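Below: one structure, written as structure tokens.
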Amino acid sequence: MKKIIILLGIPGSGKGTQAMRLVDHYGYEHISTGDLLRGLQGKKDLDEELQQAVDTMLEGKMVKDDVVYRLGFDAIRDALDAGKGVVLDGVVRNNAQAERYHTFFQELGVADDVQVIEIALDDDESFDRLKARIASGYQSRPDDTEDILRERIKVQGNAALEPIKAFYTTHDLLAVVDGRQSMDAVHDAIVQILA
Ligand code: AMP
């Protein structure tokens, strides 16, 4: 059983929900850079780099890679040191991050423990799902408005995911699950990949 599960998926793909299901199933730690950033929102005495990252997050844009590493590396190291596996949710969002995390795992000696799973969904479906989420007020977040949503899909849609997938395909680490299925079916498919 792999200790490091990297979930890939565009916004609205159900990545966060599936991450929580995996955490329940395997007792792994859920690490989401989005959650870590939202956790910083409103905090006083943030340094400039972190404050800027929170502002960028609220605009629906990608935060700088260095901040992602700053938040992600510590959280991952802490969990692995405590003997826990990790589910990484939205932690890898561009090619540079994919490469840097790959090196990070090699440095930690856990590169063989990585499984990457994409929950595949097309951009239009993502937009419809997220719009419905706003309309229902369900799981609404400070960065959930229709304009921000368009920006997030433009910046974080399938075009952005392609080079990351290419990287992981080259390293033979990528498995793909159809994200249009029910939540249960997606979960079952992921568990089967990890078995
Ligand atoms: P999420 O909750 O995963 O949708 O992330 C919310 C926001 O946090 C994103 O829209 C980005 O602004 C920022 N963010 C989270 N993870 C990353 C990452 N790995 N790289 C760059 N920005 C990120």
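Positions of Cβ are set from backbone N, Cα and C atoms, glycine also.
Annotated features, as they stand in TrEMBL:
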BINDING   G12, S13, G14, K15, G16, T17, R133, Q181  ATP binding site
BINDING   T33, R38, Q97, R141, R152  AMP binding site
Ligand 1 is in the model; which of the binding-site residues S13, G14, G16, T17, R133 have a C-beta less than 6 angstroms from one of its atoms?
none
Do you know which of the binding-site residues G12, G14, G16 has the most other C-beta atoms within 10 angstroms of its C-beta?
G12
At its widest, how many Å does the recorded ATP site span between Cα atoms of G12, S13, G14, K15, G16, T17, R133, Q181?
17
Counting all other Cβ atoms within 10 Å across every protein chain shown, which of the binding-site residues T17, T33, Q97, Q181 scores highest?
T33
Looking at the binding-site residues listed here (T33, R38, Q97, R152), whose Cα lies nearest to that of S13 (ATP binding site)?
R152
For T17 (ATP binding site) and R152 (AMP binding site), what Cα-Cα distance in Å is obtained after rounding to a whole number?
18
So if I draw a 10 Å sphere around the Cβ of S13 (ATP binding site), how many other Cβ atoms end up inside it?
25
Mind giving me a neighbour count for R38 (AMP binding site)? Other Cβ atoms within 10 Å of its Cβ, every protein chain shown.
16
At a 10 Å cut-off from the C-beta of R152 (AMP binding site), count the other C-beta atoms across all protein chains.
22
Can you figure out which of T33, R38, Q97, R152 (the binding-site residues) comes closest in space to K15 (ATP binding site), comparing Cα atoms?
T33
Calculate the distance in Å between the alpha carbons (Cα) of R133 (ATP binding site) and Q97 (AMP binding site), and round it to a whole number.
28
For the binding-site residues K15, R133, work out the Cβ neighbour count at 10 Å and name the residue with the minimum.
R133
Would you mind reading off the Cα separation of G16 (ATP binding site) from T33 (AMP binding site), to the nearest angstrom?
11
